[in-house]
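Enquirer: Let me give you the structure first, and then I'll get to my questions.
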Amino acid sequence: MSDQEDDIILSELNDEELVQQMHDDLYDGLAEEITEGVNILLERGWEPYNILTEALVAGMTIVGHDFRDGILFVPEVLLAANAMKAGMAILKPLLIETGAPRMGKMVIGTVKGDIHDIGKNLVSMMMEGAGFEVIDLGINNAVESYLEALEAEQPDILGMSALLTTTMPYMKVVIDTLVEKGIRDDYTILVGGAPLNEEFGKAIGADSYCRDAAVAVETAKDYMARKHNQLAAG
Amino acid sequence: MTDALTQLMTERDWLLADGATGTTLFNMGLTSGDAPELWNVDKPDNIRALYKGAVDAGSDIFLTNSFGGNASRLKLHDAQSRVRELNRAAAELGREVADATGRTVVVAGSIGPTGDIMEPMGSLTFDSAVEMFHEQAEGLKEGGADVLWVETISAPEEYKAAARAAELAGMPWCGTMSFDTAGRTMMGVTSADLAKMVETLSLPPLAFGANCGVGASDLLRTVLGFAAQGSERPIIAKGNAGIPQYVDGHIHYDGTPDLMADYAVLARDCGATIIGGCCGTTPDHLRAMREALETRPRGEMRPTLDQIASALGGFSSASDGTGDDAGPRPDRRSRRRRS
C-alpha cells in the first residue's frame, strides 16, 4: 500500500528534511533509522551538540508533549526513548570529546520496596533526551544508597519515584535524613509516581512533584535556569 | 462444585468487596518499603485483624495479603524462594477468618503485577510471567482461596499471562486493571479494550473491572465504559477513597465514608456487580457502603458523567479514550511504516 513511503532514503534528504524525518522516526521508535540519521549528519559535518539538540531533543520534545496530552502512552514512549538511546550511544563520546555544554546532572532511583520503575525509566531517558547527565540507581533504594550516590556524583538534582502507597512515605525518610545531615538544600529534589500529587510533594519537603516524565524535564530545566541566574547574580 | 463467588452471584445482584490492604497495614505499624507479605508468617494476628476488619464491616469478598507475592517482587526482600509459603499462609489465614463468620464470604487470592515490563519494551516474557503467576496461584490454591483475584494490571499481555496461570492452576478468577493515565491504563488500554479482551481468553474471568487509579469519579467513568460494551460479564468497581494526602507522617485519603457510600450506589447504577474500595478505604467506609447498598434503591437509569462529577468530584482528564470524543491518535506522524 505505502511501499513508496517505505522507500525513503535518508541520505538523499537535505538537512532540513532529514531532521524532520528523524523527528518522525523517533516518534515511531525506529532505532536503526535514528542511528543512520545521526551518522549521516555527522558525515555532513554537523556538530554533535547540534545533532543532539535539533534532531534528537527536539524530536523527544514532541513525544513528551503527546505523552503529557494523553495521545501517546508508555509503550510508544519506551520505543521512542529506545531509538533516542541508539542515537545517544553514538553522540555521547563525541559530546564529551568536544566539551559540549551540559544541562545538569541528576541522580534518580525508585525508593526501597518499590520495583515499579517504568515511570522512573521514562524520566531517566527523557532527561537524557533533554541533555542531562543521569545517574540511575535503579529500583529498591534505601536511604544509604541515595546518600552514597549524592556524595560520589555531586548532582544538581535528586529524583525519587514510587508507585505504591506502601512505598511513597519512604521518600520522606530520605528527605528527612538529608535535612538531618544539613545537605538538603544542596540539591533540587523532584518526586514522582502514580499515587503522588503536589500536596504530597510539598508535605514531605520535596521541591516539586512532577506529574509525568515530560513535566519532570520541564521542571528540571526551570530549576537549572534559576540556579544559573543565581550564580550569575551572586 | 460451583465456587463460592459464582454461588453468591446467583443469589444476589450486588456484592461488597473489601477496602485497602496497604493503608491498613501501615496503621498497624508496617514500615514503608517492607514487604507486607512477610507478615502472613511473622505477624499473622495483624493479617487476621486486616481480614476481620473487612468481614465485620460487611464485605462479601476480601482479598488476601499477597498482592506483591510473586517472585519478581519478593526478590527485593530476598524472599523469592518463599512464594508458595507466603501465598499459602495468606490464603490459610483468610480461610480461617471466612469460615468463622457463619455466612458465605469469598476468600480472593490477590495477585498484583510483577512490576516488570513485558517484551518488546521490557525484559519480561509472556512465559516467565505465566510461570511466576502460576507459582503464586498454586500457593493461594493450597491455602484455600476460593478464587484468584488479579488486580492493578496495566499491560494487556500481563493480564493474559495471569489468565493463563489461573487456567493452569485450575482456579476460577477475577481480574481488574488500573486506569490511571488519562482514563487508560499506563500502557494505554481503554475500558472498551479490556471489555473486549476478556472475551477472547480461553478461561475468561468470572468478573472483570477496574481498581485503584485516580479517585472515585474516574473509576466510575471506566465502569460506564465497560457497560457501554454491552458485556453480560459481571463488572468489578474497586476505587480509591479519594486522593492521597500526607498528614502527620501518614498517608490519608480524602474520601469520607459518606462519599464512598455515594460512590458505591453510583457504581451499582453504572452497572457494577462487585463493589469495593481500594487504597484508603477503611472498615468505616465499607460499613457506610454496605448500608447504602442495602437501603438505597437502584437508580432508574445509568448515571451521566455530570451526575458522577457533581456527586464525587471532577475527572482527571477530559476524555478516557473511548467513544466519539476519543483523543486524536498519532496518525499524522506515520509517514514511515515499521518494517
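Each Cβ is built from the backbone N, Cα and C atoms, and glycine gets one as well.
Straight from TrEMBL, here's the annotation block:
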- B:Cys212, B:Cys278, B:Cys279: Zn(2+) binding site (BINDING)
- B:76-103: coiled coil (COILED)
- B:294-303: compositional bias 'Basic and acidic residues' (COMPBIAS)
- B:3-293: domain 'Hcy-binding' (DOMAIN)
- B:294-339: region 'Disordered' (REGION)
Enquirer: Express the predicted model's confidence over the coiled coil (B:76-103) as a mean pLDDT, rounded to an integer.
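Expert: Here the mean pLDDT over the coiled coil (B:76-103) amounts to 96.
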Enquirer: Taking only same-chain residues 6+ apart in sequence, whose CB is under 8 Å from that of B:Cys279 (Zn(2+) binding site), what do you get?
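Expert: Within the chain, B:Cys279 (Zn(2+) binding site) has Cβ neighbours under 8 Å at B:Ala20, B:Gly22, B:Thr23, B:Cys212, B:Asn240, B:Ala241, B:Pro244, B:Tyr253.
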Enquirer: Does DSSP give B:Cys279 (Zn(2+) binding site) helix, strand or coil?
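Expert: The three-state answer is coil.
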Enquirer: Would you mind checking how many other C-beta atoms are within 10 angstroms of the C-beta on B:Cys278 (Zn(2+) binding site)?
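Expert: Total other Cβ atoms inside 10 Å, all chains included: 30.
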Enquirer: Helix, strand or coil: which one is B:Cys212 (Zn(2+) binding site) in, per DSSP?
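Expert: Assignment for B:Cys212 (Zn(2+) binding site) reads strand.
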